[in-house]
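Q: Pulled the feature table from TrEMBL, pasting it below:
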ACT_SITE  HIS43  active site, proton acceptor
ACT_SITE  ASP194  active site, proton donor
DOMAIN    9-271  domain 'PKS/mFAS DH'
REGION    9-131  region 'N-terminal hotdog fold'
REGION    145-271  region 'C-terminal hotdog fold'
Amino acid sequence: LIQWNYEDNWFVAFGSLNRNAHMGEQRVLLQVKDKNWEFMNGHVIDGRNLVPATGYLNMVWEHYLAMLQRDLLDLHVIFEDVRFHRATHLTKEDVVNLCVSIQRTTGAFEVAEIGQVIVSGKIRTVKTRDSHALGVATSINSSPQQQLSKNDFYKVLKMRGYNYSGLFRGIESCDLDGRKATIEWAENWTAFMDNLLQVKILEKDTESLYVPIHIERIMIHPGIHQELVANGKLPVSVSGDADTVSSGGVEVKGLTINAISKRKLLCEPVLEEYRLVPYEGRLDLTEALRVNAQIILENTTRDWFNSLEVMDDAQGLVPITPILQQALEDEPLTRPHLVILSNREFEFKNIEVKDQNLFEQPNDHVLVIISNALQRPLVLKESLTVLKEGGFLLSREDADYHHNPENTRDVDIISVY
């Protein structure tokens, strides 16, 4: 009987799980059920769940590090002449079998599925740590331009056919011209780089659907990136002259995108009809809100719809902003920003609830909703101060209320339902 002597410590060989890394080839089994890949469920374009273009590059990057036996933070890598030959569809049940191969001498790589090349290009390392060479901004500066909020940004993309969710909704804000943005860092390189491409795609002022087909160069320095991350957010800078989009330790140069045809929409279409509705009459709440919303839209030139509902006198009342939201969803060119002021807790999708006072709000609202405003002259006056020029006030009055014209000298009553 022979037993091991544990009195001395000995060095032993460590075997990596990726036994083929030294050979320059790696198999990747991709299934969205797997917790490592489930985030890709959020990358949906034209109703189809596709592997992100940056997902292939992340696979190549990880395999390249395994070949060199180096840590991610040690190397500044550059992808060059990256070509995307076709897309890969994902389903919840199927497993996608990908082969990642890299030539050790030249850095040329391919990602293939069943012998068909999906992505090709070159990868190499450089030693520089100059953050200025990346052309990135190091701080988030407030822009004087009006910005798209996160909801507005992804509403525009959704209208074009990009149905992003989860980590692929990482753009926090963006200038209207697409030159400056703020991006969230969620510890995921695939989603982060895809979000950068989203900003570049938004630069195209068109309703067409675009996908990347070629990238001239991508520079990635994880070390610099970690140094620049502050509070989980980073500035994004887009240069039209240099044809670059950069943030943190990542710079993408020379993105070429190609328009693809959209599938026919399978959603239920909006059925419209023309009816003459008097400004005074009896309508149920849903229909009354829809009629008033259309009156406002017909008399508003901008596509922004900033609405504010005040629940200060709401005894037993529930907010009606969700009903207004449903009416605005049938208006594809309208970008609503809906806010409820209340000290009660509400949870509504895409509606912001704030425990603030009315006088603290900006005067850029096209609609203010409040209860019993005509019976409270001071509240009525305060409500008018947060309206933009030509804005509208919707008051929820008691059913037995009798209007006193003396209380509404400063306003024109348009409709009563």
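Here the Cβ of each residue, glycine as well, is placed from N, Cα and C on the backbone.
Source: prediction; values computed, not measured.
I'd like to know what surrounds each of these features in this structure.
A: Its Cβ placed at the centre, HIS43 (active site, proton acceptor) has 26 other Cβ atoms within 10 Å.
Note on ASP194 (active site, proton donor): other Cβ atoms within 10 Å of its Cβ, all shown chains, come to 23.
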Q: How far is it from HIS43 (active site, proton acceptor) to ASP194 (active site, proton donor), counting Cα to Cα, in Å?
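A: Cα-Cα, rounded: 9 Å.
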Q: State the mean pLDDT for the region 'C-terminal hotdog fold' (145-271).
A: 88
